[in-house]
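Enquirer: Below: one structure in structure tokens.
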Amino acid sequence: MHFLNMFFFDIYPYIAGSVFLIGSWLRYDYGQYTWRAASSQMLDRKGMNLASNLFHIGILGIFAGHFLGMLTPHWMYEAWLPLEVKQKMAMFAGGASGVMCLVGGVLLLKRRLFSLACVQPPPVPIFWCCRFWLSSAHWVC
């Protein structure tokens with residue numbers, strides 16, 4: 001059990017980060033002109049501002065909360081912030097960020113699937129990726 005704990009929490013994050021950075025670097029060097037966004041934003045902007053802002057502010061809030069919550073040492077806040085208060089702040093702020101992200105994602109997915117300006121249906125991998133993301137976000141919230 002000690003080996004698994006050490007592997008998943010001490011070694012694996014460095015492996016995953018290295019694969020991400022090296023893969024991004026290689027993709028940028030060798031496949032730079034094959035990147036595409038397949039965006040339909042220019043075709044129809046109705047509802048795009050609210051949905052996009054909700055989704056991205058929610059994602060940034062979730063990322064910032066995880067970053068600060070995981071990487072802030074206890075000695076920095078334990079003198080003026082009790083653990084119970086920190087946990088309640090994390091639950092409320094994380095819940096609000098998660099709901100914002102979920103609502104924005106649902107609005108973006110609805111726009112992507114049912115917008116009349118985007119007559120062509122989304123490619124199959126994008127559709128399944130959005131469905132997986134939506135089901136996992138709904139399960140967490």
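Just so you know, glycine gets a Cβ as well, placed from its N, Cα and C.
Below are the features I grabbed from TrEMBL:
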- H56: heme b 1 binding site (BINDING)
- H66: heme b 2 binding site (BINDING)
- 5-115: domain 'NarG-like' (DOMAIN)
- 6-26: transmembrane segment (TRANSMEM)
- 47-69: transmembrane segment (TRANSMEM)
- 89-109: transmembrane segment (TRANSMEM)
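Would you situate these features in the structure and describe their surroundings?
Expert: Sequence-distant neighbours of H56 (heme b 1 binding site) (same chain, six or more apart, CB under 8 Å from its CB) are G104, listed in sequence order.
There are 13 other CB atoms within 10 A of the CB of H66 (heme b 2 binding site), with all protein chains counted.
Long-range Cβ contacts of the transmembrane segment (47-69) within its own chain (Cβ-Cβ under 8 Å, at least 6 residues beyond either end) map to 41, 90, 93-94, 96-105, 107-108, 111.
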Enquirer: If we skip the immediate neighbours and take only residues 6+ beyond the ends of the transmembrane segment (6-26), which ones have a Cβ under 8 Å from one of its Cβ atoms?
Expert: none
Enquirer: Counting by DSSP, what is the helix, strand and coil composition of the domain 'NarG-like' (5-115)?
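Expert: Counting residues by DSSP class gives 89 helix, 0 strand, 22 coil.
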